[in-house]
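Take a look at the structure below.
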Amino acid sequence: MGLAGLLGIVTSRLIIEHFGVASYAQYGLLNGLRNLLPFADLGIGAVVINAIAEASSPRESERVHRTLTTALRVLTVSGLIIAAVCVAIQLLGWWPLLLGDGLVAGGDVVATLCLVVFGLSLPLGIGIRVLIGLKQNVLQTFLQGVVSPLFFVGVVVLVLVGKGQGGDYVALVSYVAAGLASAITVSVAARLLAPQVGRAFRDVPRRRAVPGVPVAAVAVPMLVQSVAMPVAMQSDRLLLSHLSTTQALAQYTFATQLFGLVMQAIIAAGVSMWPYFAQARARDEVMSPFRISLAFLAGGVLLSTVLALCLPFLQDVVADGKITVPLALVLGYCALVAVQALNYPPGMYMTDERGLRFQVVPVLLMTVSNVALSWVLIEPLGAAGPVVGSAVAILVFQVVPNSIWVARDLRARRRAAAAGRSEEAPVAGA
């Protein structure tokens, strides 16, 4: 992850130096579109992770096979719909209206190509879910890190071939790199879970011979979160593109890339806990996330503080002094990292049907308040406005209610476990 982050920083320097701040801002805008579309899997990823994590022998489990087949069918249809919708938007000329002033001339074609690539490669994303379910999160993090060197090589080719004229296509290179990384990841996942993934791909069109499994109970609440979270967290670029300046958008993109390294570390560590909580539920074991949350908080604060102290140096080296991150944006990101770190372990604990269903209302409230706060705070705080709004909304509508729910659930599970032990205890005199 460290090497990937370093390559990302070097790549940003290449983009800014050879193509300019406007191209870098468009890259940030278009690259962020994929983060608005994690709902594209329709919540099916949660079903895959739980099915694999809960199986005693996932390689032989018929439930795992049918779940993978169902997931691939859903992802294929969803990806084709996304590609078709993006082509329709291009033909209707709606991209400038949707993306605002952050789009340079010709950017509409690039936006279409980016999301067509995203849609067609969507089924390959099942590899990540398989590796998480197998508790191979370190491996999946490493494989996803392949995106950075692939992107770096692609940008170098643009610099050498385009001679300063290929900046419009930087975002497309990032989407192609992500697609190639997903192909590598699903290939590795198929070998680790052989023969399940290969069988599932072959059985996608065999709907009668291999029927699907019910997924709505877990997938629908997860889908709601998958729609709401990107709107809350990834609409910032769109709001800045419409309500602020290109410079503010570039500042936000630059800060997001740097603090995104810390966020990626938190997410990778947090997601790695998912299969352990799922396995504990399947075995009726009680596993609390609260101590883990405190460790995450300490780690997040430490990493973001170190990054903030290094920021003046990074601005000069990476952005060549062309982009300066304001103090409010730095403090806002430190706060956002802290609340996300605190929230991730309870969120991974709440990945069963009951926990996911509870999260629907709080996450919707968080989304509405986040967008509203971001809208209001952009004018006084500039690029920092959406970040501060996100931190406040997550603290109030996710950290607090999720912590209360988890505490109650832990008490209920402990009482049930104690009652079970008392029933199994031998009766005196028997």
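Cβ coordinates come from backbone N, Cα and C, glycine included.
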Quiz item: To which of the residue ranges 32-53, 384-405 does TrEMBL assign the term transmembrane segment?
Solution: 384-405
Quiz item: Of the listed stretches (139-160, 326-344, 356-378, 384-405), which one yields the highest count of Cβ-Cβ distances below 8 Å with the transmembrane segment (254-278)?
Solution: 326-344
Quiz item: Restricting to the same chain and to residues at least six past its boundaries, which positions have a Cβ under 8 Å from a Cβ of the transmembrane segment (215-234)?
Solution: 32, 35-39, 41-47, 50, 67, 70-71, 74, 352-353, 356-357, 359-360, 363-364, 366-367, 370-371, 390, 393
Quiz item: the transmembrane segment (326-344) vs the transmembrane segment (290-314): three or more C-beta pairs under 8 Å (separation of 6 or more)?
Solution: yes
Quiz item: In terms of Cβ proximity under 8 Å, which residues at least six beyond the ends of the transmembrane segment (356-378) contact it?
Solution: 46, 218, 221-222, 224-225, 228-229, 231-233, 235-236, 239-240, 243-244, 248, 347, 350, 384-386, 388-390, 392-394, 396-398, 401-402, 405
